[in-house]
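Reading through the structure tokens given below for one structure.
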Amino acid sequence: MTTGFLQKIFGSRNQRLVKQYQKTVAAINALEPQIEQLTDDQLRGKTGEFRQRVASGESLDKLLPEAFAVCREASKRVLKMRHFDVQLIGGMVLHYGKIGEMRTGEGKTLVATLPVYLNALSGRGVHVVTVNDYLAQRDAEWMARLYNFLGLSVGINLSQMDHAAKQEAYAADITYGTNNEFGFDYLRDNMVYETDARVQRALNFAVVDEVDSILIDEARTPLIISGQAEDHTELYVRMNALPPLLERQIGEEKADGTGVEKPGDYTLDEKGRQVFLTESGHEKAERLLSEWGLIGEGESLYAPQNITLMHHVYAALRAHTLFFKDQHYVVQNGEVVIVDEFTGRLMSGRRWSDGLHQAVEAKEHVKIQSENQTLASITFQNYFRMYAKLSGMTGTADTEAYEFNEIYGLETVVIPTNRPPKRIDKQDQIYKTAKERYDAVIRDIRDCYERGQPVLVGTTSIENSELLSHLLKQAGLPHEVLNAKQHAREAEIVAEAGRPKRITIATNMAGRGTDIVLGGNAEKQASFLELDETLPEDEKRRRIQKLHDEWQALHDQVKAAGGLHIIGTERHESRRIDNQLRGRAGRQGDPGSSRFYLSLEDPLLRIFAGDRVRAIMERLKMPEGEAIEAGIVSRSIESAQRKVEARNFDIRKQLLEYDDVSNDQRKVIYQQRNELLEANDITETIGAMRQSVIADIVHQFVPAGSIEEQWDVPELEEVLRNEWQLDLAIQEMINESNSISADEILEAVEAAADEAYEAKVELVGRESFSAFERSIMLQTLDRSWREHLAALDHLRQGIHLRGYAQKNPKQEYKREAFELFAAMLDAVKLEVTRVVMNVQIQSPEQLEQAAEQLEEQGSHLENVEFRHAEFAEAAAAAPVAAEAATAAMIGDAMSHGSSQAAAANMSADNVPKVGRNDPCPCGSGKKYKQCHGKIV
């Protein structure tokens, strides 16, 4: 109450910010008469002047009024569009690193030109991020005219572009591209073996279009670069026969044994999208798998030799019970293609992880692709937080303002509309069944059609859009369907959606990014005519003129009928998605209306609010076909949506806290890689590693500060001779000396190692040997990092169980992840030193050839995929198996004695049972607890 009272006096934070920006708007407007007097060349020359001032130390903030005034004037001359005052405010919001909420049709693309121009003056690059290639190319080509007029270069970063084209795109002052491509380029840049193979510059400033879609909806889907793993095709096919033989249990068993309405073999958690076998389900699955010869008779699924089968059992169950055709995926050209649950678009090239995609392929009887193994990954949360300055714009951000601030440190500012909105949002209507709901939707559509009012109907899945299309055909109502299956015609369908009597069905926000103009989009229709090569030029001009003449009459007709009417056939889990659908109507002060039609069979109502609403309907004795239309019900639904949003936010926050651990380690590894790539000579680095490794070996047998009786000199001599090619008579040194310390022995071994190293360098030359060392170092670091990623994933999968031991799983994860990381770095030092010390060199040419083969092996990975993965599933992506050394001499180096071969094959999964103080089975000579036991 006090807060509301104070807000009335002082205004909200949003109102105060807008008021503050309006003062700067007045300063920009005051400059307009002066800027208008400039010739085109003088206006263009302002860019050079601004750049000099920035180089001299003037801040971009101080330059803002002049730069915005110049950009606005250039837009008037080139694009024939003048920025409104509210668009100037939007530009300031973006420049100051905030998120701007702008209603649909308020000109977000034009707003972005202001901060993009201003920040490009620094010469450090600006990235404009969009959700798909079509929008990136459209906006870049449209706005390039403005930027080029002002003397700035524009690049487009698209998927499938070659390396040279990408480097050129990133070198431009302004780079347009998709969130996926920017993220993948970052990962690829950290897998290269030459500095000139990188494409990105330092991440300076990004303007993210549809920021809610990218930073929130896709925050749970990390970008993953992966290769193909072992083929389990036959196993997926055989497991596909299991789910149909199992029955679902209805109800959860309570502590007193009640609660189960119908016993079964598995239970479903629809909220968490998980499936769990019951006790009887385990027994039945084990019996069936035993009959099929997949496990031994009487064996448990949890026996060590069968534990991987559980992964296949659950993948098959999830594929059959939680993922459905034309809702979560479509089958197209013999492939299973994922449908984005937020946008309804097909996500070609993306695959679910953890074997789920292969299980769905087995279910649909299409060709099963191989499983994937992770080479590199990053979340959008951690990628975009690396920019020095980040901003974004969307039509619906205010509902997620807390998350933007909490996760990204971004403040949300609601930007006023240029004209007051006239859209009427009607009360939801709730029916008992889906059939009653669809009958009401058809009645509303028919009413609009007869009055000449265009209708946009939003559905939550392809399946529902096709069901509604079938019902409209039966009702004799002509319509267009806009879903992932009609992706190619999307722009054309949206351009026509505002014409009189036009009925358009769209899945969620398909067509987002393109305005629905009342009367139809004459400009868009004209552009289609321009592309028609069969028409003569005279005929084109005549038709385009006719289009413009007809448009005004159609526009007035639609306005008189009430503007665009939005019908929602189901509430989404997020209020923001519902608001996006509503936001398609009432653009730039046009009239419009919206209404949602719901049924108690909808997932959101059934899971979260069904019982309460059903009780209200039964109390009111609602007859069939009658709807509830009351504020209390709408509030109940909104409350359910808030619960889901809060739950999803908690999930994203938890995932980020876990991912931050691997992100900190990723930064260290990538920094080390970059230092290796950029260093002219890594002799000092290799020398420090060699000293560290030699010290560890000597201290195993001759501990520091110990007496001679505690030394194991014969074993030390043997290890140095067999594993490190150092033939030292240490026992003779001891016998000849009256008193020799452990430190003196260490110095003698280090001197011998340095001498052997220098002899190899002298044979081939410092430059050649340094190049070889760099290749070995990069290859080992990359391989170890991939294995470490898999180790972290396995750790994360079981870490929640620590809660049962009264331990904090997050703290335990951080502690153990750090220990794994330290062990990995030690393993890298050991491996690199071992190869360098053991390598047999005959000639410089042989060394160069080996280095080239190593680099080629690391940079040309076969069957590489660039994809998203559902985060919970991404954790199960397997590591890349250790690559075999490519050069013969490295093969020789790695085969000196059995211990090297054994060590190369030691991992947490195949270490035999051994006492902590026993010698490690890898043959290193260390105690198990100080060697591979440390990693396990």
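Just so you know, glycine gets a Cβ as well, placed from its N, Cα and C.
Annotation source Swiss-Prot lists ATP binding site at Gln87, Gly105, Glu106, Gly107, Lys108, Thr109, Asp515. Annotated Zn(2+) binding site per Swiss-Prot: Cys920, Cys922, Cys931, His932, in sequence order.
For the recorded site, Lys108 (ATP binding site), the DSSP three-state label reads helix.
Cβ neighbours within 10 Å of Asp515 (ATP binding site), excluding its own Cβ and spanning all shown chains: 19. Shown are the binding-site residues Gln87, Thr109; the one with the most C-beta atoms within 10 angstroms of its own C-beta is Gln87. Non-local neighbourhood of Lys108 (ATP binding site): Gly90, Met102, Asp209, Met393, Thr394, Gly395, each in the same chain, at least six residues away, with C-beta under 8 Å from its C-beta.
Summarising the ATP site geometry, the residues cited as binding it (Gln87, Gly105, Glu106, Gly107, Lys108, Thr109, Asp515) extend over a maximum Cα to Cα distance of 17 Å.
The ATP site, placed at the center of the C-beta atoms of Gln87, Gly105, Glu106, Gly107, Lys108, Thr109, Asp515, has further neighbours from the same chain whose C-beta lies within 8 angstroms: Met102, Thr104, Leu110, Val111. The Cβ of Glu106 (ATP binding site) has Val86, Gln87, Gly90, Ile415, Thr417, Asn418, Arg587, Gln588 as same-chain neighbours under 8 Å, each 6 or more residues away in sequence.
Within 10 Å of the C-beta of Gly107 (ATP binding site) there are 20 other C-beta atoms, taking all protein chains into account. DSSP classifies Gln87 (ATP binding site) as helix under the three-state reduction.
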